[in-house]
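Heads up, the thing below is written out as C-alpha cells.
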Amino acid sequence: MADSSTNMRLRLPLLCIILEVILIILFGVLVEYNHDTDAKKWNENGTHTAHEYQNEFYYRYPSFQDVHVMIFVGFGFLMTFLQRYGFSSVGFNFLIAAFSLQWATLMQGFFHGMDHGKIHVGVESMINADFCTGSVLISFGALLGKTSPVQMLVMAVFEVTLFAVNEYILLTLLGANDAGGSMTIHTFGAYFGLVVSRVLYRPTLEKSKHRNSSVYHSDLFAMIGTIYLWMYWPSFNSAITKYGDPQHRTAMNTYYSLASCTLATFAFSSLLSHDGKLDMVHIQNAALAGGVAVGTAGEMMLTPAGSMIVGFLAGTISVLGYKYLSPILEKKLKIQDTCGVHNLHGMPGVLGAVVGAVTACLGSKEVYGDGLKKVFADSESASWSASNQGGMQALSLAVTLGMALFGGLLTGLILKIPIYGAPEDTHCFEDGLYWELPGEEEDHTELTEVATQNEVEKLNS
Amino acid sequence: MADSSTNMRLRLPLLCIILEVILIILFGVLVEYNHDTDAKKWNENGTHTAHEYQNEFYYRYPSFQDVHVMIFVGFGFLMTFLQRYGFSSVGFNFLIAAFSLQWATLMQGFFHGMDHGKIHVGVESMINADFCTGSVLISFGALLGKTSPVQMLVMAVFEVTLFAVNEYILLTLLGANDAGGSMTIHTFGAYFGLVVSRVLYRPTLEKSKHRNSSVYHSDLFAMIGTIYLWMYWPSFNSAITKYGDPQHRTAMNTYYSLASCTLATFAFSSLLSHDGKLDMVHIQNAALAGGVAVGTAGEMMLTPAGSMIVGFLAGTISVLGYKYLSPILEKKLKIQDTCGVHNLHGMPGVLGAVVGAVTACLGSKEVYGDGLKKVFADSESASWSASNQGGMQALSLAVTLGMALFGGLLTGLILKIPIYGAPEDTHCFEDGLYWELPGEEEDHTELTEVATQNEVEKLNS
Amino acid sequence: MADSSTNMRLRLPLLCIILEVILIILFGVLVEYNHDTDAKKWNENGTHTAHEYQNEFYYRYPSFQDVHVMIFVGFGFLMTFLQRYGFSSVGFNFLIAAFSLQWATLMQGFFHGMDHGKIHVGVESMINADFCTGSVLISFGALLGKTSPVQMLVMAVFEVTLFAVNEYILLTLLGANDAGGSMTIHTFGAYFGLVVSRVLYRPTLEKSKHRNSSVYHSDLFAMIGTIYLWMYWPSFNSAITKYGDPQHRTAMNTYYSLASCTLATFAFSSLLSHDGKLDMVHIQNAALAGGVAVGTAGEMMLTPAGSMIVGFLAGTISVLGYKYLSPILEKKLKIQDTCGVHNLHGMPGVLGAVVGAVTACLGSKEVYGDGLKKVFADSESASWSASNQGGMQALSLAVTLGMALFGGLLTGLILKIPIYGAPEDTHCFEDGLYWELPGEEEDHTELTEVATQNEVEKLNS
C-alpha cells in the first residue's frame, strides 16, 4: 500500500482545490439560508409572529460552539499523544474536519429533505455537519499515523456520504432516536474505520513501533483533548434534541454518566495495570466512554442513577477493551487500531444503542406525560408502541453495523490503490513525511557576552 | 505519614468502586429530575404556561459550561506547573472532581431542601455541585504532590459534606449572599486545605525540593489553566445569581475586577522580583485574585470602579503573600502550601467577604429600586435592614473560618493514618509513583536509510 | 532604539500603577451601569415591560465569552510559536489586553455617545472593548519579540484612542457596516503595527535570528491559539450584529468561509513549500484569514457559496503573502513583521472591506425584505441607496488606512525614544530579559535508592 513517494506537492493541492471548487459550485446551486437565517424570510410580515429570542440561534448556538470545540480541539488534541505525530494529528484533523463539514452539509441536506430543490441551512445544519465530521474523525483515529492526508480526504468523501445514507435510514425511515449519535456517529465511525484499517493491514508495522507511543509532554497535550471532550459532551448529546426539557435532561444525564465513567476508568486502570499504576491511555480515552454510551438514551427518562450505571459499565468495558481486546484484534483479526477507537467508540456505541433500545421499550405516557411526543416523534400515531420503538432502535443498530462494514470495506479497497502517498511501514507515525519540521533549539552561545554560563545553561534547558 | 508502599492496586480501585456503588444507590433512591428537566412535569397541562425558552436551561447552561471548564481545565492545568507532576495534576484533579460533583449533588440536595423525600436536580444543581468541587480542588492545591489519590478521595468525602453544612448555615440560616463563593468556596477551601496541610506537615520535604518547581513547558501548560480561569470567572460569579440584571451585573463587575487585578499583579511582581523580572508564579495565580475578591459583592451595586479597586487590592495582597507570607507560613507555622492557595484563595476570599459585608451595608431601596429583593432575598421582610445584612455577612465569614479550621483538623487527622499510600518525603511531586510513565523519545536511527543525518538531528530535537 | 538597560523594576510597576489609578478615577467619575445591568433601572415599574429573558445578557454573553477566549487564549497562544518567547507571548498578551479593555471602555464610551455625561456599560461594551483590544494585539503580533512590555502599554494607550476615533468616523459619521471589524479591527491593527515596526526598524535583527523560529512543542502550543481563533470566529463576527437573523446568518457565513479557507491554505502551503511538505506557519495563520475576510460582509446576504469563495481567496492570498510578500516587505520596505500580520490581518482585512463594499452595493429590499433595516440602519431614510452604502464602505477603508498609517507613524516615533527598556538586537525573541526563567529539569539522582537505573532514565526523559 505504501507508495514509491510520499511527496504531496501535486496530489494534496489538486485534491483540495478540486474538492473545494465542487463544493462551492454545489453550494451555489443548492444551498440557501433557512427561515431563521434569511433576512427576508425571518422578517416577513404576516408569518413573523416570533420574537427575536425565538430564533433557533439562541437555543442551539451555544451547544454548537461546544460541539465545534470537541471536533477541532477535542479530537485534534486527543490524538497528539503520539510523540512525533502532533502536527499531523491536529493538522490533518483540522483539514479533514473543514472538508467534511462542508460535504456533510450537502449530503445531509440532500437526504434529509430538500424544499423546492434547495437545501436550507441554519445552526442545526451546522451541528449536524459537525456530528457527521465527528464520525470521520473517529475513523481517522483508527488509521492515525498510517495514512496520507490525501487518503483521509478520499475516505471522508465516501464516509460522509454513507453516514448521511445511514442517518437517513435510521432517523427517517426507521423513526429511531439517536440524538447523541451512539449509533450514527460512534458505532458507524468506529466500525467503518476498523474495517478500513483491516483492509489496509500493514504486516510489518512493528518497524515503526518505536514511534507509536507517547512522551511526557505529548500525553499532556492529549489530555487537553480528553478534558474538552469530557466537559462538552453534555452539549454534544443535547445539541439537537427538542427544545426545553429534552435538551436539559440530556445534558444532565450525560454529565452524570461521564462522572461515573471516570471513577470506573480510574478503578479498572489501576486494577489491571502494572504495579497498580494508572495508564494514561485509559484515562485519556475510557473516561469518555460514558458520553458515547448515553448518546441514544440520554434524551429519554433514563434517570440520573440509570445514567450513572450506564457510564460505569461503559468505562469498565472500555478499559477492559484496551487491556485485553485490542491486542487480540491486532494479532488475530489483523486490525491495527492506533487510538483504540473500538474501545472508546465501538463497544460503548453498541452499548449505547442497546441501552437506547431498552429505555425506549419502557417509554410510556405514564412516565413522559405530554412530553412523550417530544422524545418519540411518532408516538402520537395510533400504530406506535414503546416496544415497536425499541425494535426499531435495535434494527437501527444492525443497519448501522452493516453499513459501516460494507462502507468500510468498499472505502478500504479504494484507499488501497497505491496512488495516495501513504507512508512506508518504516515511516509511520512520523510528522516529517508531510510537514516541514522546525529545527532543534539553538544553543544561544551568542548570549555569553551578557549572561553567565549558568544562565546559558538555564536558557538551553 | 508515608506508607511502606505507595502501590494503589487494591486501595484505589476498591475505594472508587465502593464510592460509585454507594453513589448510584443513593441517587437511585433519592434523586429525581426537577420540573424543568422532567418530561412529564415540564409538559403538564395547566401548570405549563411557560414557553420553552423559559426553561432554566437557557438561562444557566452556558454559564454552567464555563464553570465546568474552570473546574476541569482551569484547576487541572493550573497545577501542571510542576515539572514532573503534570499527569497527577490534571489526572487526579479529574478524578477528585468527577467524584465530588456526584457526592455534592447529594449533600447539597440533602441540606438545601428535599421535597417529599426527594432531591430534584437540574442545571442549577449541576452548577452548585461544580462549585463545591471547586472548593475541594482548592484544598488539593495546598496538598499537591504530597498526597495519594486515595487520600484525596477520602478528603473529598469529608470536605464536600462540611461544605454543604457550611453553605446551608450561610445561605439558609444566616441569609447571607455569596453567589460567587468568596466565603463558601474560596475561604472555606483554602483554610480547610491549609489546616490539612499543617496536620500532614512533612519536616523533611526539602528532600523533594528539586522537583517542587517548574520547567519552561510546564509553566506554559499552567498558563492554559490560568487564562481559562481568568476568562470564565465572570460566568462563575454570575452562574447562580437571579435572572436578568444581577447575572449581567455580576459578570461585568468580575470582568473589571480581573482586568484591574492583572495590572496590579504585573506591577508588584516586577517591583518585588529579582532584577525587576516577572515571576510566572505571580502571573499564574495572583492575576486571578480579582475574581475571588468580588465573589460576594459582585452581584451587588459595587459599581465598575468599585470592582476595579477591589481587584487591584486583591492582586496586590496576593503577590505580597507569595513573596513574603508563604515562606513565613512554611517556616513558622509549618504549613506547606504547594500552590499558594492562601495567596490566591485564602486572603482574597477573606477580602471578598469583607467587601461583601461592607457593600451589603450600603444596600438600599434608593440604590437598588425594585431590584433590591432580587439581590437580598429577605429585603421584603419588615425586620430586614442593610446593616443587619452586613452583620450576617460578617458572621458568615467567621462561621466559614471556624468550619474550615475544624473540618480541616478532623480531616487531616483522618488522612494521617498511614494506610492511604502517601509518598515518602523523598518522592513527593513525582508522577512516577502513581502513573506508568512513557519512555523517552526514540532516536530514530532507522530513518537513516532515507533521511540525511541533518534531518535525523532535526527529528530528534 | 535599544536601551542601556532592559530592567523593568521601576518602569513597568510605575506605568501599570499610574495607568490603573487613572482608569479607576475615570471609571469612578464617568462610568455607570446601563439599563440592563442596573438593579434600579432594569426593575423599574412602568418602563419595565421586558421579561428577564429579554435582558441583553442572554443574547450576547455567550458570544462575549467566545470573543474573550479568542483575545486571551487565541491571540496569546498563537504567538507562543517562538521557541523562547512563550512566557512573553502569552504573558504580555495578557497584560496588554487587560489594560486595553479598560481603556477601550472609556474611549469607545466617550466617542460612541455619552448620556448625561456618563458612559453606560453592559455586555455590548464588554464585547466592543475586547474588539478594540484585538486590534492592539494584532499590532503586538507585528512587533513580537522586539519590544518591551512598557513600550507595548504605551502603544496601547495611543492605539486604543485612535481606534475609537476611527471606529466613530466609520460607524457613526460614515454609517458604514463593519460588525466583524474587517476594517476597524484587522486592517487598522495590522497597518498600525506594520508602520510602528517600520519606524522601529532594526537593521541588525539577524543577530537574534536563531531565536526567531519555532520548535516542535512551541508549534503545538501555537496550534491551541489557532484552533480557538478558528472555532470561535463565527461568534466574533456575529457578536454585535442585530438580534435574530443577522446574528444567525453572520455566524454561519463565517463558518463556511473558514472551512473553505482551510482547504485553500493546505492546498497552497503544500504547493509552494519545499518538497510539497506543509508549513506550520501557513496552517497556524492563513487558515484564519477566512474569518477576517467576511468581517464586514458576514452580516449581509453574502450566501454560503459567496462566503466560501471569499474564504478561499483569503486563504490563498494569505499563503502567497507569507511565501512571497513578507520577505520583500522585510528587505525592501524594512518592515519586520514577526507574526506576519500583514498576511493574516492586513491583506485579508482589505479584501474583507472590498467584499463588504461590493456586497453592500447589492443590498436591496428585494433581497432583504423587511430585514434590510436591521443590516443597514440608515436604509429607512429616503436618501439611502445601496450604491451610496457601498461608497461609504469604500471610503471607510481609505479612512482606516489613513488613520492606521498616521497613528502608527506618530506612535512609532514616540516608542522610538530610548527610555522603555527595549531589547538589544542581539537579545530579541528572548524571555530571559523580562522573566525569571525556571531552571532545567533536575536529574533526580536521589531517586536511585528506590528506582532502578532504567526507571531513572525514564524519569529524566
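Any Cβ shown, glycine's included, is placed from N, Cα and C.
Annotation source TrEMBL lists domain 'Ammonium transporter AmtB-like' at A:54-420.
TrEMBL lists A:12-31 (among others) with the feature transmembrane segment.
Annotation comment: TrEMBL describes A:67-87 (among others) as transmembrane segment. Within the same chain, residues 93-94, 97, 101, 127, 130-131, 133-134, 137-138, 140-141, 144-145, 211-215, 218-219, 221-222, 224-226, 228-229, 232-233, 235-236, 239, 280-281, 284-285, 338-339, 429-432, 434-435, 437 sit at least 6 positions outside the transmembrane segment (A:67-87) and bring their C-beta atoms closer than 8 Å to a C-beta of that stretch.
Annotated transmembrane segment per TrEMBL: A:94-114 (among others), in sequence order.
The annotation transmembrane segment is assigned in TrEMBL to A:126-145 (among others). Beyond the ends of the transmembrane segment (A:126-145), by six or more residues, the same chain brings 60, 63-64, 67-68, 70-71, 75, 78-79, 82, 85, 88-89, 92-93, 96-97, 100-102, 104-105, 107-108, 112, 151-152, 155-156, 159-160, 163-164, 167, 181, 184-186, 188-190, 192-194, 196-197, 200, 208, 211-212, 239-240, 335-339, 341-342, 345, 408, 428-430 to within a C-beta distance below 8 angstroms of the stretch.
Residues or ranges marked as transmembrane segment in TrEMBL: A:152-171 (among others).
Taken from TrEMBL, the feature transmembrane segment applies to A:183-201 (among others).
The transmembrane segment feature in TrEMBL is assigned to A:213-233 (among others). Remote same-chain residues near the transmembrane segment (A:213-233) are listed as 66-67, 69-70, 73-83, 86, 254, 258, 262, 280, 283-285, 287-288, 291 (criterion: CB distance under 8 Å, separation of at least six residues from the stretch ends).
Sequence annotations record features per position, and here TrEMBL assigns transmembrane segment to A:253-273 (among others).
The transmembrane segment annotation in TrEMBL covers A:285-302 (among others). Under 8 Å from some Cβ of the transmembrane segment (A:285-302) lie the Cβ atoms of residues 78, 177-183, 185-186, 226, 229-230, 233-234, 236-238, 241-242, 246, 249-250, 253-254, 257-262, 264-266, 268-269, 310-315, 317-319, 322, 339-340, 343-345, 347-349, 351-353, 355-360, 362-363, 367-368, 375, 393, all in the same chain and six or more residues away from its ends.
Residues or ranges marked as transmembrane segment in TrEMBL: A:308-325 (among others).
Sequence-distant contacts of the transmembrane segment (A:394-415), counting only residues of its own chain at least 6 positions beyond either end whose CB sits under 8 Å from a CB of the stretch, comprise 139, 147, 151, 154-155, 158-159, 162, 165-166, 169-170, 174, 176, 178, 183-184, 187-200, 350, 353-354, 357. Annotation comment: TrEMBL describes A:394-415 (among others) as transmembrane segment.
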Where, among A:12-31, A:183-201, A:253-273, A:308-325, do we find the most CB pairs under 8 A to the transmembrane segment (A:152-171)?
A:183-201
Arithmetic mean of per-residue pLDDT over the domain 'Ammonium transporter AmtB-like' (A:54-420):
97
